[in-house]
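To start, the structure itself, in structure tokens.
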Amino acid sequence: RMGQGQGTVGVQLEERYFLQKVKLGQGSFGTVWRAVDRQSGSTVAIKQLDKASLPRRGVTRQDIEREISMMKACSHENITQLFDNFEDASSIYLALEYCDGGDFGDKVKERGLNAEEAEVAEWCRQMCAAIGALHAKGICHRDIKPDNFMVSGVSTLKLSDFGLAIYLPRGKLLQEKCGTPAFMAPEQHHLPKRSPGYGFPVDLWATGVSMFMMMFGGKHPFLNERGHLDDGLLLAGELDFRDSNGYNGFFGFGARALRFSEEARRLCKSMVEPDPARRVSAEEAMASPWLLLGLERGHGPRAASPRDGSFSPPPRRQREASPEAAPGARAGAPRSTTPRGHAAQQQEPTQVAAPVPARPRGASPDARGGNTQVLGEEVDMRAMREAARLKEQNESLQAELDERRRREEQLVQEQKKLQQQQRMLQQQRTKELQLQNVKLIEQERQLQRVEQEKMELERQRAKEAAPDPPPASRARSAAAAGARARAGTTDGLLPRGIRCRYESGTYGWMAAVVQGYNEADGTYNLDVRQHAALDKISPTAEVGAAEAWPPGTLAAYHSASVNQWLPAVVTSFNETDGTYNLDVRDHADLDRIRARVSDRPLGGEGEDPQMARRGSPSGSGGHYLTEMADGARANPRRHQTADLNNRTQQQGRDGSSRAPLRVGDLEATAGGAALTTGSGGSGGARRVGTGDRVALAEGGLAVVEAVHEGVYTVRTADRQRQKLQAEALRAPGEVKFAWPPGTKVSYQSASLKGRWIDANVVSFNAGNGTYNLDVRMEAAADKVRPR
């Protein structure tokens with residue numbers, strides 16, 4: 001059970017191990033510390049996993065438990081041993097075998113091209129031994145690479161990372177695409193459509209790629225000069241063993257020298273085989289005599305058989321030297337049983353002189369000299385033939401290289417032409433859309449002027465038709481005019497920049513700032529809401545006298561005695577108790593004050609249409625019109641403007657820039673109904689899901705492959721799969737990937753000090769890459785995330 005080490009039930013971490021203040025490593029999941037076993041006095045490594053950071057990286061508790069079970073199941077000299085595991089409220093601790101040699105990937109780069117063939121053979125033998133031990137237990141590792149091996153002592157390799165290891169029954173295939181792409185086999189890259197699955201052979205493919213990197217000082221066989229993975233080379237399994245540091249041949253001709261022996265290259269090719277059915281297994285690889293080269297040269301830790309769970313390499317074959325292999329051997333001499341030097345077997349044959357027969361009795365020295373001259377001429381002829389063959393091979397390879405360069409240059413030129421054509425088409429399209437946008441803006445301005453003239457005419461007619469107000473009304477109007485005159489204002493409207501409160505249907509009262517007044521519908525534009533209704537605007541108490549509503553501001557006061565809204569004018573602000581003195585009431589409470597834009601009596605004849613009242617739930621009072629549908633019925637011309645903006649929005653989705661839409665226009669498009677916030681009844685009907693594009697917080701776009709319990713599985717542009725929470729995702733800022741209207745999202749409000757509020761997508765602004773939400777117009781894409 002996690003939290004109790006094997007054989008140490010109930011023992012705490014500090015009781016068994018002494019943690020030194022030596023940090024061996026730091027990663028995204030936790031920290032590795034050096035410690036000492038109090039019982040044995042040996043040095044161990046304590047791997048501390050932070051529980052809080054595991055879910056953010058897509059790691060579950062079951063993943064950690066599976067990794068622990070895999071490490072406990074295997075006991076091998078080339079696999080890092082797990083001694084104990086512990087757990088507390090915040091962390092999981094793994095007591096591991098201490099490897100003082102560091103990361104094997106760093107050692108490969110450190111040795112570079114100076115690594116000897118025997119040294120590489122021993123490294124490869126230990127890697128195959130560790131993989132063979134895993135496969136014997138039915139475990140597929142799925143992430144073999146040099147960086148996942150540690151070095152213990154001088155040259156002992158230890159497989160350390162079991163995060164992706166999994167039990168695989170014989171005959172079954174895996175379908176999950178995971179691992180490091182540069183070390184994944186073709187059958188993994190072909191998932192899910194062109195591959196039935198994969199199994200144990202993927203570990204041998206990764207071992208072959210690692211062997212190539214060990215042979216060439218850390219160089220990956222399938223990475224191009226730009227450091228990108230070449231899919232063509234990888235899927236074909238093409239390996240280039242040519243040494244770029246030197247050439248062989250005679251008279252300055254010949255092909256580039258091949259690195260390492262033919263047997264080494266043959267073993268590497270057998271592991272990097274695109275067909276998994278033909279790929280060599282771990283047991284077959286261990287049977288290669290080349291892997292014993294390191295033990296023969298003394299590079300291995302020891303030649304003893306490994307511990308339980310491993311399999312020993314086949315016994316070394318003893319080759320008897322024959323008379324043909326040993327020139328000059330005497331007939332009848334006993335054959336030697338000593339194994340021949342393996343390095344001599346691996347070197348390429350050069351010039352081998354034929355055995356010189358013994359001089360018969362009576363033969364003269366001149367005859368021996370004649371034989372020597374003949375042998376010399378034969379050697380010269382062989383050298384010339386070899387030089388001609390190597391020259392022909394070099395010319396063929398050079399012609400092939402020149403053809404490849406020519407094709408690459410041709411492709412680059414074609415790509416440049418296509419990019420130039422695309423830029424020209426984009427510029428032409430942008431100009432056309434800009435002209436269309438200018439025409440649409442001009443048409444909208446004409447419609448607004450016509451609408452204003454019509455409203456002004458209606459007001460003039462209503463003013464002429466209205467009877468004289470009663471004396472009480474005239475007195476109140478005179479008092480209001482006097483207050484405004486003393487305050488230096490004539491219209492009584494809330495000035496731009498004044499602070500107030502806005503009553504949201506979702507979040508209640510919110511702090512707001514006035515941005516302007518809309519004469520068309522008698523509403524205010526606030527920083528938290530455009531076209532805010534008057535009965536949703538009230539003074540705020542968190543101000544001083546300098547920031548309060550100025551004297552002369554038109555207001556409405558709800559009288560408790562008559563249970564009605566009365567027209568009023570602000571005369572002063574009481575900083576001591578945070579109340580307002582009105583012309584109809586001193587020390588009026590803030591909750592009974594609302595904004596007003598007309599001097600006419602509320603409910604009287606000739607009243608401003610935008611200040612009309614309807615019957616309240618109490619049946620005796622009234623409240624302001626708050627539905628935008630009433631405003632739309634009062635101004636039918638707004639529907640025409642909404643239609644115009646809809647056409648502009650459609651062209652914006654085709655890649656053009658356009659003028660931002662007003663909330664009132666979008667409300668008119670929706671049939672006159674008022675827009676609500678994301679939790680309202682008219683909220684979006686869809687969520688961000690499979691197939692949608694999302695922007696990552698660190699940059700770049702990704703495709704959503706699945707969503708499960710709030711965790712989004714995405715695939716990045718470099719084919720990496722990540723599991724992320726919604727907090728790490730943002731809305732895309734490109735029109736072709738924009739989220740459609742009705743999508744449920746969250747918006748980060750600056751006025752609410754960065755708090756995320758629920759919202760719905762109304763439309764996308766292609767011109768500036770922003771979103772129109774039901775709670776905010778032109779919201780930046782990095783302020784919008786999935787909900």
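Even glycines carry a Cβ here, placed using N, Cα and C.
Unlike curated entries, TrEMBL annotations are predicted automatically.
Features as listed in TrEMBL:
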- ASP143: active site, proton acceptor (ACT_SITE)
- 323-336: compositional bias 'Low complexity' (COMPBIAS)
- 352-361: compositional bias 'Low complexity' (COMPBIAS)
- 452-466: compositional bias 'Basic and acidic residues' (COMPBIAS)
- 473-488: compositional bias 'Low complexity' (COMPBIAS)
- 642-654: compositional bias 'Polar residues' (COMPBIAS)
- LYS145: SUMO2 cross-link (CROSSLNK)
- 18-291: domain 'Protein kinase' (DOMAIN)
- 297-373: region 'Disordered' (REGION)
- 452-488: region 'Disordered' (REGION)
- 596-660: region 'Disordered' (REGION)
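For the residue listed as 'SUMO2 cross-link', other Cβ atoms within 10 Å of its Cβ number 19.
Helix, strand and coil residue tallies for the compositional bias 'Basic and acidic residues' (452-466), in that order: 14 helix, 0 strand, 1 coil [DSSP].
Around the Cβ of the residue listed as 'active site, proton acceptor', the same chain contributes ASP161, GLY163, LEU164, ALA165, CYS178, GLY179, THR180, PHE183, ALA206, each under 8 angstroms and 6 or more positions distant in sequence.
In the three-state DSSP scheme, the residue listed as 'SUMO2 cross-link' is classed as coil.
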